[in-house]
Amino acid sequence: MATETPAGGPLEARISRAEPKTDASATSEPATGDTTETPAATKPSAADGQTDGASEGFGGSQLQEPEYSVNVKLSDLQADPNNPLYSIKSFEELGLHPSILQGLHSMSFRRPSKIQEKALPLLLNNPPANMIGQSQSGTGKTAAFVLNILSRLDLSPQMELAPQALVLAPSRELARQIVGVIQVMGSYVDKLKVATAVPMESNRNQKVEAPVVVGTPGTVMDLIRKRLFNPQHLKVIVLDEADNMLDQQGLGDQCIRVKGLLPKNIQVVLFSATFPDHVVRYANKFAPNANQITLKHEELTVEGIKQLYLDCDSDEHKFDILVKFYGLLTIGSSIIFVKTRASAVEIERRMVAEGHTVVSLTGGVEGQKRDEIIDKFRQGDAKVLITTNVLARGIDVQTVSMVINYDIPELHAPKATKRIADAQTYLHRIGRTGRFGRVGVAVSFVASKEEWQMLQDIKTYFNTEIQRVNTQDWDEVEEVVKTIIRSSRAGSNFQRS
């Protein structure tokens, strides 16, 4: 069985290539330019946006963050990164338009997170400078680049329909989520429209007429080639989950081709929780002379996520344990990550046969059906979602209290003599819980010595603790997990105002 995500190819050669050949996937996606406007009369709620790093119900940015150091490397080597100009303690210090501040406050943002403290002054500075930004999952990266976008829009009658900002995401689910954040944060910005450019079942051939466009690289490329999307007025391009976008075969090629069609002076913003060393080199070429905000990889794991592992006797025993886990999975919402599409389908079939309510979503599910599944999960109609790495990154469903690594994530390395852990994907997977200071549980199933060794490698890489729980004592398993989830629901890590 083939794994869900292909291995990344040598990107340096692709970036240096003057005229990359057309990748079939760039034109095989039917395109749409769906445009949604935020009328003043009906403001979307924070829940509608599934916002990254804020929710009225959870206290927004009043949550405490763990201690970690944010390293700033300025493109101007003569500048002092400790200068107060490069760090703010309140959104009001940024000189934002009142309509943008009003949107922030409606989302319960009260003060910037650490990534926002450092990133926003650099993003909003003029003349615009490129940025490569890294921070822990669930700390408000999306909000940071959305604020920058909203602050740079010209919504005068002459420009209100001209695309001025482009956000590229690796999946339709993340693209739709980002659209929701922009709509909520910009709900008080008059005349704001957001266009979505993601694969659909039918090609509507609509012209893109919105100042903000969010989409997947292949679809955006298709729209530009068909002259349905005029990029000449674009001021900023954002790559969310940038390391994945640049390093993955196909996606990286498409991002490079899209950028080649944009204005040369465009502001390039790259954000992700992870930037492996080999990707940083390529990112520096994609976003030259960028200000950089980075963390040590030992500081990337989120403190609020309790990491556990269970010894399983075999792959079949994994399923037996998963069935036992169902009662714990539905206390909040849970995501189960597996290696292949076939595994996701088979586990869903067997759990449904056991009488359990679950849904699965993989890259093999098309367009509208994918939207229906993720919306059902967001709304709580289904509390357990089985998926592959297609949803490992960026997806923010605030009710998720548990992540299960049914299969330990591993790198696709055909010539390797042993299985190699994918530490970056592990971090992104478990980051679907513990969002913005909340508590979550990440449980990994281990059924072989190789899987155990991969988990040990992940533990060493991040310098983190992954506690073993005895599957022979189910009372202990339930007590450990329930205690953590109860502490999350009670808001034990909230900082009350």
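Each residue's number is its place along the chain shown, starting with 1.
Glycine is no exception: its Cβ is also placed from the backbone N, Cα and C atoms.
Note that the structure is a prediction, hence the values are computed from the model and not measured.
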Would you mind telling me which of 240-243, 312-315, 360-363, 416-419 Swiss-Prot tags as motif 'DEAD box'?
240-243
Give, as a single whole number between 0 and 100, the mean pLDDT over the motif 'DEAD box' (240-243).
89
By a simple count, how many Cβ atoms lie within 10 Å of the Cβ of SER135 (ATP binding site), its own Cβ left out?
27
Cβ neighbour count (10 Å, all chains) around GLY140 (ATP binding site) is 29
For GLN136 (ATP binding site), which DSSP three-state class applies?
coil
